[in-house]
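Going by Swiss-Prot, these are the annotated features:
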- Cys23, Cys26, Cys94, Cys97: Zn(2+) binding site (BINDING)
- 9-123: domain 'MSS4' (DOMAIN)
- Met1: N-acetylmethionine (MOD_RES)
Amino acid sequence: MEPCELQNELVSAEGRNRKAVLCQRCGSRVLQPGTALFSRRQLFLPSMRKKPDLADGSNPDGDLLQEHWLVNDMFTFENVGFTKDVGNIKFLVCADCEIGPIGWHCLDDKNSFYVALERVSHE
């Protein structure tokens, strides 16, 4: 999606998500509209798979992603789970189908939870 399209369709004038954020696989709601800020930050996320396979951290395949929804409080999420610690990182997964990672949280920063735009859908 082009930056201009992204800005108009998904990001409000205040920089927040215009639409609900959903799991691409099962459609479960991850975030309500207006609850996350658009952020550009380069983060590596392992390839999508089920939570038990993700927590071992042994597979280095993945993507370097730059466009994210930033959430400052873990209780803002509607439906998200967390993996066991992988170093100082916890990956975010869909709480219903356990597919992920859809996002990333560094344990050093208690108030920053990133959800990759490429790993979710919007409604």
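Cβ from N, Cα, C; glycine included.
Counting other Cβ atoms within 10 Å of each Cβ, the lowest count among the binding-site residues Cys23, Cys97 belongs to Cys97. Within the same chain, residues at least six positions away from Cys26 (Zn(2+) binding site) with a Cβ under 8 Å of its Cβ are Cys94, Asp96, Cys97, Ile99. Using DSSP to sort the residues of the domain 'MSS4' (9-123) gives these counts of helix, strand and coil: 12 helix, 54 strand, 49 coil.
Neighbour count (other Cβ atoms within 10 Å of the Cβ, all protein chains): 25 for Cys94 (Zn(2+) binding site). Restricting the average to the domain 'MSS4' (9-123) gives a pLDDT of 92. Listed in chain order, the extra residues whose Cβ falls within 8 Å of the Cβ center of the Zn(2+) site residues Cys23, Cys26, Cys94, Cys97 are Gln24, Arg25, Gly27, Ser28, Asn79, Ala95, Asp96, Glu98, Ile99.
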